[in-house]
Every structure is written in C-alpha cells, then in structure tokens.
Amino acid sequence: MAVENQLQNSSKSSPGHEQTATTQHLPNATASPDSTTEKVTLKKEIGLVSACAIIIGNIIGSGIFISPKGVLEHSGSVGLALIIWVIGGGVSALGSLCYAELGVTIPKSGGDYSYVTEIFGGLAGFLLLWSAVLIMYPTSLAVIALTFSNYVLQPVFPECIPPYDATRVLSIVCLLLLTWVNSTSVRWATRIQDIFTAGKLLALGLIIVVGFMQIFKGNYEALKPSNAFNFWMTPTVGQLALAFLQGSFAFSGWNFLNYVTEELVEPRRNLPRAIFISIPLVTFVYTFTNIAYFTAMTPEELMSSNAVAVTFGEKLLGYFSWIMPVSVALSTFGGINGYLFTSSRLCFSGAREGHLPSLLAMIHFKYCTPVPALLVCVSINYILVN
C-alpha cells in the first residue's frame, strides 16, 4: 500500500504530467513531447482569400494612379505603353512562379531574407535584412503614408497643397492606428486587407466600366491601331527601360505573401493558388484601366496630369468625381496595412535567426502577434515622416 501511494505521488510530480497540465491552460502554446519548454508561435489564420488580398492589396497602391504618365512619356506611343503594361505583368508572373516554388521548398516567413540566408549564407542575409529594415521598407511605407494623407486632405484644401504639418499628423495617426490593429489581432489585420482590397478593385472596376461605356460611344480615337502606334518620338533603349521601370513600380509587392508563409493555412496549396489568381487579375485590371484612361484623355492630357485617376474622374464622373481621390486614399490605406503586416514579419524572422536583437522575435502571448517588431517598424517610419 505504501509502495502504491509512493508511485502515485511520483507520477503526479513527474515533469511530463506538469507539462500536460500547464499546456491545457495555454491555448496558444505548443509543447514538444520530448521537452518541458513551452513555445508561443504565430497562428495560421491566413486563408486563400486573405492570401490573395495580401498580394493584390500590396500591388495595387498609388502606382496605377501615378505610373501611367511615366510609362506613356517614355514609351512614345499609346500602343507601346499598353504593351509595356502587359509585359510588366508577365515579368511579375514569372517572378511570382519562382517565389511560389521557393515558398513551398523553404516554408519560412521572411521572404527574400529567408531565401538569401538559406542559399547564400548568413552574411548575405544579414546585409539584405538591415538594408530592408532601415531603408527599403520604411521609405516606401513613409511615401505611401504621406500619399494617403495628401489625398484625404485634398477635399479640405481644394485650391492649394495641404499643409505639411497636417499631412504629417494624419500620416502618423494612420500608422499608429494600423500598428494597433496589427498588434491586437491578425484576423482583424487580414480583414482590413480584404475590405480595402475589395474597395480598390471596385474603384478600378468603375474606371474600366466607364471606359467601356466611352468605347461603345465611339470615343476611342487614341486606341485605333493607326493612332495607337503613331510615335511622337522614337524611344531609345534607355527610355524603354525607364518606361518599363515605371510600370514595374506599379507591380511591386507581388512577393509579399512569402513574408508570411508560416501564417498561411496549408501553404503548399494556398501559396501557389494565391499567386496564380492574383497576378493575372492585377495585370488584367491594370491593362484595362489604362485603356479606360485613353478613352477620356488624349496622350497630351494624360502626360500633363499629375493624378491621372483624378483627372479621369473630373472629365467623366461629374458630381461623383470625388470618388477618385477617395479611391486613391483607400488604396494607399490598404497598402500601409499590408506593408506593416509583412515588414514586421521580416523583422521577426531576422531576430529569430540572430541577425536582429532577440527582443524582436518575441510574440504577444494572448494575441500571437509580433508586437516588438511592429513597434520598431512604426518607430522608424515615425522618424522618416517627421
């Protein structure tokens, strides 16, 4: 009897029993059967729809509203400009296919950084990580945030450029709000991305529908083959490269889903599917949006416009022309959310590999979000905006 009681007491105090009991009270923790340590990880909460929204939402930003001017200016004709848009989508599709294979072969979050570290070693990954964290992503995010503020404030200051202080304050408020959302819930962050991506597509869909209505009315002089390839200048190789660079800017962001691979549900299936759906859709939307622009504006009018979509709305939408600035604002807001979501995972991955302070690899126990990494990202952008 004494031996039986002793065995019962020893089983109650065994490490395995303690680990099981503790894990039952920690819903977000996963415990290895051979270890007594507990591990909090990022949740797999990104499905196929949200994955497509991340890709489309990060690609469609301010580029489609700004880049058409540069593409047309350097290409020298309407027809060649449209061909460059299609080629830009094709190049993005080829790159996406490569990243689909990389994401399935190396299923780590962090995108470019994780792949470079795995293939070329720690030094190359370290250099890429620090340049991305300190220069590439913060500057892009700061520009998008300031663009968002400019378009939001445009109806308030219709006759002049919005004051810089007002633009800066609104940019900071936007960054802080989205940082709070991303820190609190991955699900809410992805829902915001879904909603604003749908808003972007609806806005561009409106432009395309209005463009087709113009074509049915016979307003497509600039699109006729005899006029479309009527060059007002002979583009050089350098000018064609600049035109392609302008178009490529509008397609940037096609690789952002690979930065959150570990949070994808069934990444081996959903990562390639999301890429196959998103890139052709964006290429289709971009090409037909540019066709719609040419139904409302001559090439000269388009090249003289600093905000093509706004000019398009003023010419064809009349009283509803306010929809275009609002659409650009919504587009950039979703882009800010996507940049914060993905760049924080880059910091998290770098810290996990030891290339950034280990504090940035910590995850909030309750929300399962990389809060320290998000705070660092928004702090760097706060400095740049100011």
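Yeah, the Cβs are placed from backbone N, Cα and C, and that goes for glycine too.
It should be emphasised that the depicted structure is a prediction, and the values quoted were computed from it without experimental measurement.
Listed features, source TrEMBL:
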- 1-35: compositional bias 'Polar residues' (COMPBIAS)
- 1-36: region 'Disordered' (REGION)
- 46-66: transmembrane segment (TRANSMEM)
- 78-99: transmembrane segment (TRANSMEM)
- 120-146: transmembrane segment (TRANSMEM)
- 166-183: transmembrane segment (TRANSMEM)
- 195-216: transmembrane segment (TRANSMEM)
- 236-254: transmembrane segment (TRANSMEM)
- 275-296: transmembrane segment (TRANSMEM)
- 316-342: transmembrane segment (TRANSMEM)
- 363-384: transmembrane segment (TRANSMEM)
- Message: Would you say the transmembrane segment (236-254) and the transmembrane segment (78-99) are in contact under the rule of three or more C-beta pairs closer than 8 Å, pairs 6 or more apart in sequence?
- Response: yes
- Query: List, by number or range, the same-chain residues at least 6 past the transmembrane segment (166-183) whose CB is under 8 A from its CB atoms?
  - Reply: 141-142, 145-146, 148-150, 152-153, 189, 192, 333, 336-337, 340-341, 344, 364, 367, 369, 371, 374-375, 377-378, 381-382, 385-386
- Take the transmembrane segment (275-296) and find every residue of the same chain, 6 or more past its ends, with a Cβ under 8 Å from one of its Cβ atoms. 52, 55-56, 59-60, 64, 68, 71, 78, 81-82, 85-86, 88-90, 92-93, 96-97, 99-100, 201, 204-205, 207-208, 210-212, 214-215, 219-220, 222-223, 250-251, 254, 257, 302, 308, 312, 315-316
- the transmembrane segment (363-384) and the transmembrane segment (195-216): do they have three or more Cβ pairs under 8 Å, with pairs 6 or more apart in sequence? no
- Query: Out of 46-66, 120-146, 363-384, which stretch touches the transmembrane segment (316-342) the most, going by CB pairs under 8 Å?
  - Reply: 46-66
